[in-house]
Amino acid sequence: MKVAKFGGSSVSNAKQIKKVLDIVNGDPERKIIIVSAPGKRSNNDTKTTDLLIRLYEKVLNGLDYQNKKKEIIQRYADIVKELDMDDEILTTIDETLELYINQLYDKPSRLYDALLSCGEDFNAQLIASYNNSQGIPTRYVSPKEAGLTVTDLPQQAQIIDSSYEKIYKLRNYKEKLIIPGFFGISKQNYIVTFPRGGSDITGAIIARGVRASLYENFTDVSGIFKANPTIIDKPELIEEITYREMRELSYAGFGVFHDEALQPLYKDRIPVVIKNTNRPNDKGTYIRHDREVNSDNVISGISCDKGFTVINIKKYLMNRQVGFTRKILAVLEEFNISFDHMPSGIDNISIIMRTNQIKGKESQVLNEIRKRCEVDELSVDHDLAILMIVGEGMNQVVGTASKITHALSESNINLKMINQGASEISMMFGIRVEDAEKAVLSTYEFCYHGICLKNLCS
Ligand code: ASP
């Protein structure tokens, strides 16, 4: 049994929905389908989920929200009309939005989640009903009926482990099942959404729950590129990648697949394939537990992400002081800051975090570190980008670091920091934000094609 998830652009209008159903109905193993809310139909369009956020903002600020509500209903009305369906579903949509607004206007975070869930929920009902009308037995299954019981923290739902037993029972249905992505129901009976992009997470949970042989994640690209296509002209696609590699690449900016979606899959080793709804016969990218390494696929992908802040601390004889790092980390913990990397020397340590983690708290954090750790020097750098070179093959092959540093030095890029964990699955280079694109371009060309981009020297 396969579980297939279709992202927002795949279900953005009637034409796309027909393509999706051709894919779904073309394979009897595709039994359980997870759908997103209608996404953008063109570059200037707005995702339904974002329209729902605007509706929420209007309600919250006591403004007239009727036009925004109409705009949302119109997204579905367009689909209903083009699919030649009965438009009674539009009344249900209107009534549901009003019901949530009336019931939850004094509980803003609950209202937010309830309204946002509507994007996927209405789409799932609509698609199931259309497929049924085409003679294919299909059933809409709500997250509650499916057994998706989640924790009660708004916008940060996490699946409760006992849910999996109930989800397994979805195997018993004879029809094709359409389940809305992006939310579950808490034990307190509230609708709670996953983080943005969270339909991937629903798909992963369902795939694990029914012990699917494959989780197909359909989107608008034919797989995962080896580097960002806005930097590299037509980058190659990755054929196969491990869960660990995917996690590292998503962390550093590869947005095709939600990193939280890997967790349920990883546990039961459910393979994933990222495929293109518009070109379903393309092979796609497989994400699995293990992969074969050969000389051509040592490095899986290269990514670079901006928006990091680094705190640099110097203290003479730091290496001999017991508990020094613990004191620094205690400060971060008290300010609820999570950090990502911590490269160190004998008398210095750098702590790298996403800038949003420390924003608004920086001077207090620094004061506290100064006070408790009696540091010799303390500085902050906001100008950090992180280049990640990711590949399971690196622990079996000698010379990858040398290739990367060669490419970077030929392009005149100064390395502020280097970090590699014991697993040797990724190498991290801290560089200046201005060098980010140049770094991806030069390492991509040198590592994959042996081309040295000397002309990038500035
Ligand atoms: N519709 C939600 C969002 O835009 C979830 C998703 O599409 O995965 O974030």
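The chain as shown is numbered from 1 upward.
Quick reminder: no glycine exception, Cβ is built from N, Cα and C everywhere.
Database features (TrEMBL):
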BINDING   Lys5, Phe6, Gly7, Gly8, Thr219, Asp220  ATP binding site
BINDING   Thr49, Glu120  substrate binding site
DOMAIN    389-458  domain 'ACT'
Looking only at Glu120, Asp220, the binding-site residues on record, which one has the least crowded Cβ, with the fewest other Cβ atoms within 10 Å?
Asp220
Do any of Lys5, Phe6, Thr219, Asp220 (binding-site residues) have a CA within 10 A of Glu120 (substrate binding site), and if so which?
none
What binding-site residues among Lys5, Phe6, Gly8, Thr219, Asp220 have a C-beta sitting less than 6 Å from any atom of ligand 1?
Gly8
Helix-strand-coil residue split for the domain 'ACT' (389-458), DSSP-based:
35 helix, 13 strand, 22 coil
Given the model, what does the mean pLDDT over the domain 'ACT' (389-458) come out as?
89
Which whole number of Å gives the largest C-alpha distance between any two of Lys5, Phe6, Gly7, Gly8, Thr219, Asp220, the residues noted as binding ATP?
12
Beyond the site residues Lys5, Phe6, Gly7, Gly8, Thr219, Asp220: chain residues whose C-beta lies within 8 Å of the centroid, for ATP:
Ser9, Ser10, Val11, Ser36, Gly39, Ser199, Asn217, Phe218, Thr277
Set of same-chain residues at least 6 away whose C-beta sits under 8 angstroms from Thr49 (substrate binding site):
Gly8, Ala37, Leu116, Gly119, Phe182, Arg196
With DSSP assignments reduced to helix, strand and coil, which class does Thr219 (ATP binding site) get?
strand
By a simple count, how many Cβ atoms lie within 10 Å of the Cβ of Gly7 (ATP binding site), its own Cβ left out?
26
